[in-house]
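Trainee: One structure follows; several queries about it will come next.
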Ligand code: BTN
């Protein structure tokens with residue numbers, strides 16, 4: 001794409017002005033064509049200064065999702081090898097599933113700047129305004145279906161690690177894979193299986209992170225927060241996406257080596273509510289007990305009045321200092 005070639009050329013000359021003439025010769029197009037593409041890039045959020053004498057200089061890349069910026073930030077070998085980025089999608093998970101059925105590759109990433117009907121766990125809607133990171137990864141890992149279910153645990157660890165590495169922020173994991181800060185949800189993961197139970201499995205890992213928008217843009221009923229509320233400034237979504245994919249790739253490789261105990265420990269290190277009194281909601285049923293940890297399969301272990309029990313599904317409520325469950 002001509003726009004990307006112009007960016008590549010400008011990026012090869014950091015902090016320097018490159019004349020329109022030089023770019024047009026290099027890329028074998030007219031200066032008018034260059035000028036037109038520079039205007040489009042500016043609309044996309046690139047800060048490019050144009051001086052009539054000296055030419056163009058790339059000053060800043062956008063914080064909004066952008067394929068060129070994201071590709072430059074990526075340090076992975078398989079995740080993100082193919083990227084589908086749309087301004088708006090109903091749901092990146094739905095698109096990723098369509099692509100998977102058409103035979104997409106392991107590591108294909110689907111992103112949207114806005115989702116019009118984002119989906120959460122337990123058939124809930126997922127508010128996905130502009131400024132969030134709405135991303136799905138198609139994985140065809142070398143794992144049995146039972147072990148593939150651990151990928152959502154791996155994804156939560158990857159997101160926590162990326163947020164810590166990039167912003168020195170310590171986020172907790174609320175079983176099974178809600179990411180919380182001070183009891184408020186900042187991100188969630190939706191893992192879905194594509195295909196028949198007995199064939200080679202493709203997994204869609206959908207990750208939703210509330211990033212560059214204020215809390216008011218989410219339903220008031222949600223116990224949620226955003227990275228912007230926590231940090232007080234906006235961040236580069238491309239850097240964040242690349243950071244998460246880097247940590248996720250590491251986690252997937254480690255799972256493929258069957259390092260389940262390591263994942264369990266990593267997950268537990270970041271868990272909120274360990275050793276505390278919690279409630280599990282399973283439909284109408286409410287079970288109370290002490291949260292002892294997770295099993296190697298990711299099931300939650302609860303010390304109840306009737307002894308130790310494990311749960312592979314349900315919703316956890318933690319107990320606040322005031323004694324309320326949330
Ligand atoms: C949850 O309920 O906690 C899971 C939320 C998962 C949301 C993400 S956003 C990207 C992907 N596309 C969707 O429609 N859902 C997931």
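Yeah, the Cβs are placed from backbone N, Cα and C, and that goes for glycine too.
Found this in TrEMBL, in case it helps:
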DNA_BIND  20-39  DNA-binding region
BINDING   91, 92, 93, 115, 119, 120, 121, 185  biotin binding site
DOMAIN    59-256  domain 'BPL/LPL catalytic'
Trainee: Taking the residues the record says bind biotin (91, 92, 93, 115, 119, 120, 121, 185), how far apart in Å are the two Cα atoms that sit farthest from each other?
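Mentor: Largest Cα to Cα distance for the biotin-binding set is 20 Å.
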Trainee: Can you give me the average pLDDT across the domain 'BPL/LPL catalytic' (59-256), rounded to a whole number?
Mentor: 95
Trainee: Ranking the binding-site residues 119, 121 by other Cβ atoms within 10 Å, which is at the bottom?
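Mentor: With the binding-site residues 119, 121, fewest surrounding Cβ atoms within 10 Å: 121.
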Trainee: Below 8 Å Cβ to Cβ and six or more residues apart, same chain only. Which residues does that give for residue 115 (biotin binding site)?
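Mentor: Listed in sequence order, they are 88, 89, 90, 91, 92, 126, 128, 134.
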Trainee: Within the DNA-binding region (20-39), count helix residues (DSSP H, G, I), strand residues (E, B) and coil residues, in that order.
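Mentor: So the DNA-binding region (20-39) is made up of 17 helix, 0 strand, 3 coil.
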Trainee: Would you say which of the binding-site residues 91, 92, 93 has the most Cβ atoms within 10 Å of its own Cβ?
Mentor: 92
Trainee: Identify, in sequence order, the residues in the chain of residue 120 (biotin binding site) that are 6 or more apart from it along the sequence and have a CB within less than 8 Å of its CB; answer 'none' if there are none.
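Mentor: Sequence-distant Cβ neighbours: 126, 188, 190, 208.
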Trainee: Three states by DSSP: which one describes residue 91 (biotin binding site)?
Mentor: coil
